[in-house]
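A.B. asks: Below: one structure in C-alpha cells.
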Amino acid sequence: MSPQLFVVRQWTRLTYSSFLLRSNYSQSSLQLLSKSFSSFICKTCFVANLFKTHQILHASNCRMSEGVDRSLYTLPADQPIVGLEVKSAFNGLSDKEKQYAHFLSKASWVGGLVTLIQTSVESGPIFVLLHKLFSNQSCSDFKAACLQNGLSEDDVHALYVYASGVFANAGNYKGFGDTKIIPNIESETFEKLLQASKVWSELQPIWQVIKNIIYDLEKSKTCLGINPEGCTTYLSKNCTSADNEAVLKWLKSNHLELWNTRLFKTTSEDGKVEYEIRLAAKETKELKRETKENVTYRLTAGDYSPLMSKIAEYLEKAVPYAANEVQQNMLKSYVSSFSTGSLDEHKNGSRFWIKDKSPAVENYIGFIETYRDPTGVRGEFEGFVAVVNREMSAKFNTLVSEAEKFLPLLPWNKNFEKDKFLKPDFTSLDVLTFAGSGIPAGINIPNYDDIRQSEGFKNVSLGNVIPASYQATVNPFLSEADGELLQKYRIPAFELQVGLHELLGHGSGKLLKKEHDGTLNFPSDLIDPLTGATVQTFYEPSDTYDSKFGSLSSAYEECRAEAVGLYLSLEPSVLNIFGHSGPEADDIVYVNWLSLVWAGAGRGLEMWAPGRGWLQAHSQARFVLAQVLIQAGVVRVTQTAKDDLLVTLDKTQIKGAGRNAIGHFLLQLQTYKATGDFKAAEALFNHYSQVNEPWLSWRSIVLAKKQPRKIFVQSNTFNENGKITLKTYESTPEGLIASWVDRFDDSDNLHKALLDLSKKDAHHFQ
C-alpha cells in the first residue's frame, strides 16, 4: 500500500468515526452509511460521497418524522410557569440555618446536572449550549439582537420556552412522561437565533454536533426506554433485558444493588462479552472483576466523577453549619458515598437522616427514584432542600401518632403488616431547592427495602408545590358542578391524599422474606388470603422489591399507595385530623376520589403511546384504579360529543361498592407484593392497564385537551460577605432562565465536565 493511500484511509476512518458521533441515525441508516464507507474507502473521493450520503440520510430521517405530530413534543407558547413561594419560610431561619441550606442547595444543583447525563446523550451538550448563550447575554439584550437580525419575537419566545423546558426537566425529555421535547421553531431558525448571540463562535461547535439529534423524532428517540422502543443512558444501546437480568443475577450473588450504577456492554470480535457496572463516584478505579465462561463482569467507580467531586465539596462545606452531630454524620456519610461509590455509605447517611427528627432545614440527596430507568432498578439523581411548615406538619404528626390504629383498618391481616410500625418523621415543607427532572408533591424515603422494613423512613409533603401546581388549572371532561367542586376543595383533598399516600401507603405492608440464616420473618403456616393455601412464594435473602418487580415496580407501588389513600380517606377519624367534619368532609372525600378518577380516566392516556405502552408510573396507577371503579359500576365515562367525554363518579356508591372494590384490589396488590409473586402481580396489573376500545378511540380526545404541566421557577441563595440572601425571579421564561444563569459559581468548569462526560460515553449510545 502506498504511503499516500495509507494516509487517505486513516484520515477517512477518523472522519467516519467522528461523523458518526455527530449524527443521530437509525441502525438501518448507519448500516447504509457503513456500506457507503466500505465502497469508497480506497477512493480519494470518499469524503464527497460521505457527505452526499449524510444529506440523503438526513433527508430520509426528516421524511420518517413527517408523519409524527410534532405538537406532542413541543411546549406551547403559553407554557404555564409558576413560582415556588419560599421567602417567608426562608426569612424565618437563623443565620446558621441559612448557611446550612445554602451549601446543601449548591450540592443539590450540581447533582441535578448528573440527571442530564442520565437522561440522554445530548442533554448535557444542549444544557451547555443554552446556559452559555444566556450566561453571556441577558434575555433582553439577546432579544434586541435577534430582532435587529430580522428574527421575530415569536421565534425568540419559542427559544425561551424550549430552554425553560430543558432546564426544568433536566434534559430534553419530560420528567413526567419521558417523551422528548423539541423546539417549536425550525432548525434553521434556531441556528439563526444562536448566530445573533455574542458567543456564536463558542456555541457553533456544540450546535454542529447536536442540531440534528435535537429534532430527531424517529421512533426510538421520541421517548425514554430500552432500544429499539426508546432510548436511555442507564444502559448502553446494545443492552437487552436479558443482559440486565444477567447483571442483576451477578450483583445479587455479590450482595450488591444497582441504585447508583449504569451498565455498559461491549462485545469483542471473538464473541466475548464484558459488562461494566459503573458506580457514581469522585474516585475512578476498578473494584471487582470476574469472568464466567465468555462473560466478564467489571465493577468500577468513577461515573460522573467531576460532578460527584463538586457535590462532595459543597456537602463538606455544609458540615460546620449542621444543627447537631446526627446531621454532621449524615453529611460525612454522603461525602464518603459520593467519593467512593459506596452504596453502604449512602445507606448509613440515610440511617442518620431518619434519626434527624423535625429539623428546621430538611434535605435528602442521592440516587433515589427508579422511575426513569426502563428496567426499574437504577436511581435518578435528586436533591432537595426545604424549610419546615410547622402548622401543616402538626397535622401530619398527629396522623403519625395515630397511624397504628389506622393500619388495622387496611384489608390484610397483621401477618402481612410490619411487626412494628416505625413511626417516621412526617413534615410539610416549603421547597427552597429541588434539583432533578421534576418536583413531586410528596415523598416517602429512603427507598432501600432493608432500611424501610426494619429501621424506618421519613414522609415529606411539599407544601408550597401543591398550591403552585393548581394555579390556572383547567378541568376538561367534568360536569360544571364537579369542576366547581374540584376547584374549591382540591388543595385540602390533595393534602389529605398525600398524607395517607406517603405515610400509610408507602409506609405500610411487610415483605415476607427468608433471611441469610434460613429463618423466615413470617409463620411457616401463614395462609395466603387470596388462595386459602399456605404461602408458597417469598423473597430470598438478596432479593429486593425492585429487583423482583423490575419495570413494573414503580407503577405497582404508586397504585398501592394511591389505593390506600382512597380507602382510608373514608375514615371520619382521619378526616378529623385534617380539620374536616360534617358535609364539608363528605365533599372533600368526594373530591379526593373524583380527582384521582379524573386523573386516571380523563388524563391518564396522555402518558400512554401505541406500541410503547405506559410512559409514566403515576398515570398508569391512576388509570388502573379508575378501571377498577368503572368495573365496579362506581365510575362512568361516556362520549358526549365527537370531541368530548364526561367522567362521572357516583357519590352515593363511594362508601359501598367503591370501598369494597378498592379494598379487594388493595388486598390483591399487597398480597402479591408481600409474597414477591411477580407473575400474579403482573397479570393483575396488566389486565387493568390494557388500553382497548373505546379507550383507543378516546385517546385522541384526551390528547386534544391535554394541559401542559407547570414549570416551577425556584429561588437562589447567595453568600454576600458571609451573609446568605435569597433572590426570587419572575414567573416567566425569562425569569426561569435568569434563575439558571445565577445558579452556579463555576459555570465554565461545569460546562466542560458536562461536555466531556457526554463525549466520553457517546459511543455506547450510538
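Cβ coordinates are placed from backbone N, Cα and C, and glycine is handled just like the others.
As annotated in TrEMBL:
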ACT_SITE  Glu502  active site
BINDING   His501, His506, Glu558  Zn(2+) binding site
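Neighbours and distances for these, please.
C.D. replies: In sequence order, Phe426, Gly442, Ile443, Asn444, Asn459, Val460, Ser461, Ala561 are the residues of the chain that are 6 or more apart from Glu502 (active site) and have a CB within less than 8 Å of its CB.
A simple way to gauge crowding: the CB of His501 (Zn(2+) binding site) has 28 other CB atoms within 10 angstroms, across all the protein chains here.
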A.B. asks: If one looks at the chain holding His506 (Zn(2+) binding site), which residues at least 6 apart in sequence have a CB under 8 angstroms from its CB?
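C.D. replies: His506 (Zn(2+) binding site) has long-range Cβ partners Asn444, Phe457, Asn459, Glu557, Ala561.
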A.B. asks: Would you count the other CB atoms within 10 A of the CB of Glu558 (Zn(2+) binding site), including those on all shown protein chains?
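C.D. replies: Step by step: centre on the Cβ of Glu558 (Zn(2+) binding site), count other Cβ atoms within 10 Å, giving 23.
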A.B. asks: Show, in sequence order, which residues other than His501, His506, Glu558 on the same chain lie with their Cβ within 8 Å of the centre of the Cβ atoms of the Zn(2+) site.
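C.D. replies: Going along the sequence, the neighbours appear as Gly442, Asn444, Glu502, Gly505, Glu557, Arg560, Ala561, Glu562, Val564, Gly565.
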